[in-house]
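*Asks:* Residues or ranges marked as transmembrane segment in TrEMBL: B:6-26, B:38-57, B:63-84, B:91-109, B:143-160, B:181-207, B:219-236, B:243-263, B:269-285.
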Amino acid sequence: MQDRGNDALLLETRGLTKVFGELKACNEVDLKIAPGEIHALLGENGAGKSTLVKMLFGVLDPTEGGIYWKGEPVRIGSPGEARRHGIGMVFQHFSLFEALTASENIALVFDEKTPISQIAERARAVSVEYGLPLDPHAMVGDLSVGERQRIEIIRCLLQKPDLIILDEPTSVLTPQEANRMFDTLERLKAEGTSILYISHRLDEVKRLCDTATVLRHGKVVAHCDPRQETATTLANLMVGSDVEAVKRQASAATPGPPLIEISNLERPPATPFSIPLRGIDLTVRGGELLGIAGVAGNGQGEFFEAVSGEWRQERADTIRLNGRNCGHKNISDRRMVGAAFVPEERLGHGAAPALPLSDNLLLSRHTTDRRAMVGPLGFVRMGAVKEATQRIIREMDVRKSGEDPEAAALSGGNLQKFLIGRELDREPMVLVVDQPTWGVDAGAAARIRKALIDLARAGSAVLVISQDLDELFEISDAIAVMHDGRLSSPLPIAEASFEKIGLLMGGAEPGHQAHAHAEAHANTEGSHEPGAPI
Amino acid sequence: MDVNMLQNILLTIATASTPLLLAAIGELVVERSGVLNLGVEGMMVIGAVCGFAGAFITGSPWIGALAGILAGVLLSLLFGFLALSLATNQVATGLSLTLLGIGLSGMIGEDFVGRAGIRLPRLDLPVLSDLPLVGKLLFGQDPLFYVSIALTAAVMWFLFKTRTGLTLRSIGDNHKSAHALGINVLLYRYLAVMFGGACAGLAGAHLSLVYTPQWVENMTAGRGWIALALVVFASWRPWRVIGGAYLFGAVTIGQIHAQALGIPIPSQLMSALPYLATIVVLVLISRDRRLTVINTPASLAQPFVPDR
């Protein structure tokens, strides 16, 4: 098929297919990007978006199908070739080097002839021109995720590409930082650059993009104009069925006793690139669901480790769970007082990938449910464990292949349902969850959120750490914000707005470092209506 | 102690340190690219026997040195094929390479045991080499001494002043990101591993052509391991490798002199000193974790398999 593509298009793909083993990650994808447009690529996790753009950027070879660049059929064999054609990419998981400086990171994509000092100069010029502040000599490992993304974008802009591929760029930004990035993108579009914008945040897509291609299970299910669609119609296209919104009932009039009490939690940084915790105070009562918002990498992971007992405190009363001093206790002992924890990383942290679900259940429950699961002489009662496994699978509607599959064989959403179900099955008085629906499809996410709310309404204290603001507004009774290792006081949901939370996420609270908030504030157009579920 | 004796001691220290420096600077480049080749000892001992054999057969110590380099490169290519192309466990592969090198060298060297070797001639410049105290130190050493110093300076310049060196360091920091940028990770690593092999082979040849011009089975006597320890000791910085190599060389020579003078220090304790020193340095540099993380190649010893 060496025919010509459409000359009016910048990039076109015809029947682009990528097969991994049995799985067709991309199935005959047709994509058309015109010069000077912002084109959205929509789809759930696992719909094939990343696979598609990796083929466009030369990281993966297509199994079948053709790519046409400015009407010419091309074979993009490597990212270097993609760059020579004029395609730039900003990765979702950054392709940066922590031990190198910003300008060294940028220099890596240029030829040998340009000296690094000159590249640093040009980077500084571009950063000023597009309003992306950057210190070229800073070590990347010391920078925040937002700053790292700026390096990626500047590296991309310096190559003067005709097409920029952005893979979920706002997932690590505060609303204000995202607004600033949208301004940059609008400006690039005005200069004639095309942008392929990958996101599952529909309000952004509606606001920014001219056209959209929707993928589902590797296939194109629609080409549309996102401005003519509503968030609901777009979501239905992505998911393929109607998505039910979780309804949050009002919390009980009289809150229960305090079940999570944290006072003056301090933690020195564990690695050079991690965040110290600074004087965190927090109380969550029975019947209450408290959300912790924050841009990734502001200490949420460190905080979770401290609460779960992966990192123990010096003073026993720093953390009290279910009325008991727990600061000195390890994870199992904290579980014994009625607490349960679900970490962010499902495979390797929440579950052992190569073990079947029943073994994963036993691993986390053999101390708390010793009587039920372990018999005389320490032999495991496999019958009881298997029965509990099946109960959780039924209860949480975990879809799987086989009776008792390995954890790694489940999709992200189904494994997450199982891991949450594993803790809920114990009817814990305290539940702490980090990123409960990260990378989980909409159906499973709705099921998980409902389960969390139900647990809180039953009288337990639930603490949810999430970067998904929509989610927090949907399920929380109050939201606190983590920034630079500090935790703001919780805002009751009635008083919270996207704008207020966004400012807190950027660090705007007395005692927090301020970074040009006035400007960010001015850029925020009105306050978003919270809680619009997708 | 007169001036001449001091000069002689310093000369022997330089001779003892040069093979350590050569092997360590090669391994440093390998590790900077994110590969851990524990086969240094094996490549060194093969370099030693082939260096001796090359010189013995042709009569030219220079051809001997080249043969040592070639042998080191060949053995490193075997490591590269296994650990890079087939993505085997680097630690296990490197250890087997050492065992293979020791066995193979014994076999090759069978006929050379007890034969008189040929020494690489020392530099001898008129007037300059005869200057008091510094003459022999600066202008009268074996050629590989100058090579080792020049090589260290070249590696420093290469790693921190050239784009190719930056690319090599970036691969050692994060090979996935490097691949995503379109850098040929395996090619760079192959070249780095071959450079390491060449350096180890030359270091081995130094032992059988300069240090003690003869072939004795197992004549590297653990110097490959010291070189590996040196790279960590130097926290992957070339100029610190010079300091470390000369410190360890001085300890080795000091041990001989201490014995000759009848100082009652057990020789085993002295032999253990380099390793003790490495442990002490590891503890010291681990106190500043930021520096350790920035200097340590983060993808060290992780196999890389590109997905396409």
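The chain as shown is numbered from 1 upward.
Cβ atoms are placed via backbone N, Cα and C, with glycine included.
Note that the structure is predicted; figures quoted are calculated from it, not measured.
Can you tell me where each of these features sits in the structure?
*Replies:* Non-local neighbours of the transmembrane segment (B:181-207) in the same chain are 18-20, 22-23, 25-27, 29-30, 32-35, 37, 40, 43-52, 64-65, 67-77, 79-80, 83-85, 142, 144, 147, 151, 167-168, 170-171, 175, 219-220, 223-224, 227, 304, 306; each lies 6+ residues outside the stretch with a CB under 8 Å from one of its CB atoms.
Below 8 angstroms of C-beta separation, residues 19-20, 23-24, 27-28, 31-32, 38-45, 48, 98, 200, 203-204, 207-208, 212, 243-245, 248, 274-275, 277-278, 281-282, 285, 291-292, 295-297 of the same chain, each at least six residues beyond the ends of the transmembrane segment (B:219-236), sit close to that stretch.
Remote same-chain residues near the transmembrane segment (B:269-285) are listed as 226, 229-230, 232-233, 235, 247-248, 251-252, 254-255, 258, 291-292 (criterion: CB distance under 8 Å, separation of at least six residues from the stretch ends).
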*Asks:* Please work out whether the transmembrane segment (B:91-109) lies in contact with the transmembrane segment (B:143-160), by counting C-beta pairs under 8 angstroms that are 6 or more apart in sequence and asking whether there are at least 3.
*Replies:* no
*Asks:* Quickly jot the same-chain residues contacting the transmembrane segment (B:38-57) by Cβ under 8 Å, restricted to those at least six beyond its ends, or write none.
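*Replies:* For the transmembrane segment (B:38-57), the list is 19, 23, 26-27, 63-72, 75-76, 79, 90-91, 93-102, 104-105, 108-109, 112, 115, 117-118, 196-197, 200-209, 213-215, 218-220, 222-225, 227-228.
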*Asks:* Among B:63-84, B:143-160, B:243-263, which stretch has the highest count of C-beta pairs below 8 Å with the transmembrane segment (B:6-26)?
*Replies:* B:243-263
*Asks:* Under 8 Å between C-beta atoms and at least six residues away from its ends: which parts of the chain pack against the transmembrane segment (B:143-160)?
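*Replies:* Residues 14-15, 18, 21-22, 25, 28-29, 32, 65, 120-121, 123, 168-169, 199, 202, 205-206, 210, 238-239, 241-242.
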*Asks:* Determine which residues of the chain contact the transmembrane segment (B:243-263) at the Cβ level, with the cut-off under 8 Å and only residues 6 or more beyond its ends counted.
*Replies:* 9, 12-14, 16-18, 20-21, 24, 226, 230, 233-234, 270-271, 273-274, 277
